[in-house]
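Asker: Pasting in a structure now, in structure tokens, and then I'll have a few things to ask.
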Amino acid sequence: MCTLFIADLHLSEHEPAITAGFLRFLREDAIQADSLYILGDLFDYWIGDDDNNPLHREIASALKTVQQQGVSCYFIHGNRDFLLGSRFAKESGIILLPQEKVLELYGKRVLILHGDTLCTDDEGYQRYRKRVHTPWIQRLFLLLPLSIRQKIAVKMRANSQSVNRRKSEAIMDVNQQAVIDTFERYQADWMIHGHTHRPFVHEVPLHDKTVYRGVLGAWHHQGSMFKITDKSIDLISFPF
């Protein structure tokens, strides 16, 4: 058996091929795993569990089917779907996790997270993140009519794309000291995250040993997952 990790699918009604690829992944790959961990940005945006549109219902149903077949499904919020809540979790059968979680897998300590908290050089984004994770701001936003929330989400998405085009590639990647500090805080052997869309396995020298940082790819033109067994940890890309 195995444990699977994915992130950054950015599912939306505008990308039906990605949705179809994810549904196929659930039917063919996830169903054979012990557990599936979704490390954020499953959806391109999330404006509340009451946005019960056909895509959300389809994904919830597919995840529920996997869970009913005995595969535990876990979710860590990303920067696009941090408002995903308990109602969707109940409908889909997923288990919501904190933003950082250590797993004991096959004799290794594996830290999982979305990854945006490691990008500390992007000070503008970190200020934004702090604001939108403020509980009273979230509560106020969720009280707005759904149509208003949809308009705000579209405007914020367009603004984010415009701002990111003006940022350097380096500033949007992880800060190495933040990575080291996080490894030390959790005493992990491996770290797996998404967010940066730069799939790779990095060796990180740490005191008298080497630890590993695995980065998941985004599901733009192909799927990306980490597969962990008792014998190996593999970063795998696959066609939709």
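Cβ atoms here come from the backbone N, Cα and C positions, even for glycine.
So Swiss-Prot lists these for the protein:
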type    : residues                                             : note
BINDING : Asp8, His10, Asp41, His197                           : Mn(2+) 1 binding site
BINDING : Asp41, Asn79, His114, His195                         : Mn(2+) 2 binding site
BINDING : Asn79, Arg80, Asp122, Ser160, Asn164, Lys167, His195 : substrate binding site
Asker: Return only the integer: C-alpha distance in Å from His10 (Mn(2+) 1 binding site) to Arg80 (substrate binding site).
Answerer: 8
Asker: Find the shortest Cα-Cα separation between Asp122 (substrate binding site) and the binding-site residues Asp8, Asp41, His195, His197, and name the residue that gives it.
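Answerer: Spatially nearest to Asp122 (substrate binding site) by Cα position is His195.
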Asker: List the other residues in this chain whose Cβ sits within 8 Å of the Cβ centroid of the Mn(2+) 2 site residues Asp41, Asn79, His114, His195, in sequence order.
Answerer: Ala7, Asp8, Leu39, Gly40, His77, Gly78, Arg80, Gly115, Asp116, Gly194
Asker: For Asn164 (substrate binding site), which of the binding-site residues Asp8, Asp41, His197 has the nearest Cα in space?
Answerer: His197
Asker: What whole-number value in Å do you get for the largest C-alpha pair distance within Asn79, Arg80, Asp122, Ser160, Asn164, Lys167, His195, the residues recorded as binding substrate?
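Answerer: This binding site's residues have a maximal Cα-Cα distance of 19 Å.
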Asker: Please report the number of other Cβ atoms within 10 Å of the Cβ of Asn164 (substrate binding site).
Answerer: 12
Asker: Which one is it: of the binding-site residues Arg80, His114, Lys167, which Cβ has the fewest other Cβ atoms within 10 Å in this structure?
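Answerer: Lowest Cβ count within 10 Å among the binding-site residues (Arg80, His114, Lys167) is Lys167.
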Asker: Would you list, in sequence order, the binding-site residues among Asp41, Ser160, Lys167 whose CA lies within 10 Å of the CA of Asn79 (Mn(2+) 2 binding site)?
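Answerer: Matched binding-site residues: Asp41, sequence order.
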Asker: Could you work out which of the binding-site residues (Asn79, Ser160) has its C-beta surrounded by the smallest number of other C-beta atoms within 10 A?
Answerer: Ser160
